[in-house]
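Note sheet for the following structure.
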């Protein structure tokens, strides 16, 4: 029933994806060879959301791995769960995109895209009732951003009524990987606004901060960052994989979280995040988890929710707890911090409870927020974009692959429109008409 197809693209997407399958397999009791060694029927009840069952009771991830160079694929294959994936589902080129969006979207990526789509079709056709696609990729590089968005638009053409959910690692303000990140990210956002249904924004700097400040790690590795992301990804899909009380399909997320079709960029958070030494000093209670998941320090993207207002939010609690207490806490949050929620959407926090906690925890919670503060991230990228584009820096790399300057201008204005839309709903109030009348009186 209700299957998902998972696609990972580029170096970043493949590394996050590989970690994600480790976490998910652990939760469903699937070992690195694909055999089931779990201890509960619940692990198998909806295992087909993410796995196909092969001969001999072997579980194979419904995952498609793509990249324009073989390097990352090889390391995934050599990793702990490398033998889990179906060999036909590795699709890679040899040239690499060289951090160039145009190469991923128009030249190198376009040559490889048909073989990726064949695998996507094969996986989609073997589903009973496909509910959608999830894609992990980054927006700053070439493959994940350029080819990732190309794939998203192709899937959109072929499966227009299926949900498209992306986990996108956005360029972070201080941790920069390449100089052309602002170009790649802006061109990608231009595509994601039109073709994706839900975009979970992540970024390395915010993840580093969580590792330093909250988890007290002295030198966090990418493995640690990916682990954080996967904890949240696993939490978001919990209600699809285990019996729960709300949000059991991806479409319901969209319905509950997106008030206007273009505003589908979410912040995600996870709790409990405690450093190894201080776990015994904290109680895992619903109020504690609620307080921690709304904490600005727990957000996995570099935007501060205190600088904006929440349009909507969803919280997925896991573990044995009373639903009544969860509902009370949600009301409590809205009443105490009412200025941080727009007043023209009543009860804008949705909560769901799933009885099965993640490995090694009694209870946990994952948070998805649609906050107007996400515009900070777009503004930052947009400023860097404008600074470079004004001088036409590095443009020849893109025009050389057949792109037009017009596309850059369009992407820039689309991003700026997005920022001003968020700002408009942040400032908007429920009694706008009444307020204008008073202002006019005062003017006279």
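Even glycines carry a Cβ here, placed using N, Cα and C.
Residue 204 (GTP binding site) falls within a helix when secondary structure is assigned with DSSP. Around the Cβ of residue 204 (GTP binding site), 25 further Cβ atoms fall within 10 Å across all displayed protein chains. According to Swiss-Prot, the GTP binding site annotation covers 11, 69, 138, 142, 143, 144, 204, 226.
Here Swiss-Prot flags 69 as Mg(2+) binding site. Counting every protein chain shown, the number of other Cβ atoms lying within 10 Å of the Cβ of residue 69 (GTP binding site) is 19.
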Quiz question: given the binding-site residues 11, 138, 143, 226, which has the greatest number of C-beta atoms lying within 10 angstroms of its own C-beta?
143
Neighbour count, 10 Å Cβ-Cβ cut-off, for residue 142 (GTP binding site): what number do you get?
29
